[in-house]
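Structure first, commentary second.
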Amino acid sequence: MKKPAYIGRFAPTPSGYLHFGSLVAALASYLDARAVGGQWLLRMEDLDPPREVAGAQVAILETLERYGFEWDGEMVRQSERHDAYADILQRWFNHGLAYACTCSRKQLEAFEGVYPGFCRDAGHAAENAAIRIRVPELEYRFEDRVQGTFHMHLGRESGDFVIRRRDGLYAYQLAVVIDDAWQGVTDIVRGADLLDSTPRHLYLQELLGLPQPRYLHVPLITQPDGHKLGKSYRSPPLPADQATPLLLRALRALGQPVDAHMADGTAQEVLAWGIRHWNASLIPRQRTIEEARIA
């Protein structure tokens with residue numbers, strides 16, 4: 001069987017319920033895949049049990065179904081993929097590409113997110129320590145389909161970053177690269193808050209000899225104070241009975257044409273309309289959009 005030319009995915013985190021910002025990201029990834037006859041996969045990024053909200057996974061699936069989304073194949077849970085992460089991490093550790101770090105947050109807070117390398121050559125044991133990957137003094141760049149050229153010098157702007165936390169939980173940066181490759185994802189459509197993570201992903205892809213996916217980062221939906229919508233700021237979950245109007249609003253947030261007659265349609269009809277008329281070049285070329293400004 002021939003592999004699809006386009007494999008996309010939506011990968012929510014069950015630290016809360018889906019909100020309008022989640023819907024915009026899900027819709028963009030869904031329409032971008034379906035408009036070219038591609039696959040759309042669903043992955044639950046449940047890497048952090050202490051932050052997971054009870055019942056959120058079930059609620060996320062139910063919401064996606066009520067809003068008309070249909071995914072291909074079985075949903076993947078990252079909590080069931082730990083062996084794959086451990087194998088690669090151990091390989092890098094054995095070859096000196098990764099190392100143990102015992103630095104506390106307090107020690108690092110003055111460095112504004114750029115790791116200064118305190119533990120780089122300390123030779124700490126891996127137990128009760130975070131694991132960091134060594135980064136080169138190189139700039140990584142990519143062409144985003146909406147945001148344009150993006151680049152980051154990993155040494156100066158990131159430093160060696162964590163791939164496994166001190167508590168033993170695997171970091172998003174590691175898991176997302178491994179799982180996207182394992183699932184054959186060719187196109188990653190997600191929020192612009194993850195632009196800064198992408199150069200790190202390019203580096204890990206390089207280490208693993210993986211092909212680079214195409215990237216499209218959609219504007220992040222924010223509150224008036226500039227914070228993104230999310231559980232931390234008590235963003236309301238998507239109501240079960242508002243699928244059609246909220247899907248239409250999400251289309252407008254993505255700059256897509258909306259037919260007035262669609263207001264009387266079902267969620268499935270709105271999605272079908274969106275697929276037929278999808279044009280990624282109409283997505284606003286900006287990092288954020290304030291929710292209150294969306295009609």
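Using N, Cα and C of the backbone, Cβ positions are placed for all residues, glycine too.
Packing around Pro12 (L-glutamate binding site) is summarised by its Cβ count: 22 other Cβ atoms lie within 10 angstroms of its Cβ, all protein chains included. Per Swiss-Prot, L-glutamate binding site is recorded for Arg9, Phe10, Ala11, Pro12, Thr13, Glu45, Tyr172, Arg190, and the stated evidence type is sequence analysis.
Taken from Swiss-Prot, the feature Zn(2+) binding site applies to Cys101, Cys103, Tyr115, Cys119. Neighbour count (other Cβ atoms within 10 Å of the Cβ, all protein chains): 19 for Cys119 (Zn(2+) binding site).
What Swiss-Prot lists as ATP binding site is Lys231, and the listing cites sequence analysis.
The feature motif ''HIGH' region' is assigned by Swiss-Prot to 12-22. Proximity of distant same-chain residues to the motif ''HIGH' region' (12-22), defined by a Cβ-Cβ separation under 8 Å and at least 6 residues beyond the stretch ends, is recorded for 44-48, 51-53, 56-57, 59-60, 63-64, 191, 220-221, 228-231, 235-238, 246, 249-250, 291.
Under the heading motif ''KMSKS' region', Swiss-Prot lists 228-232.
Residue density at Cys101 (Zn(2+) binding site): 23 other Cβ atoms are found within 10 A of its Cβ, drawing on all protein chains shown. In terms of DSSP secondary structure, the motif ''HIGH' region' (12-22) contains 3 helix, 0 strand, 8 coil. Mean model confidence for the motif ''KMSKS' region' (228-232) is a pLDDT of 63.
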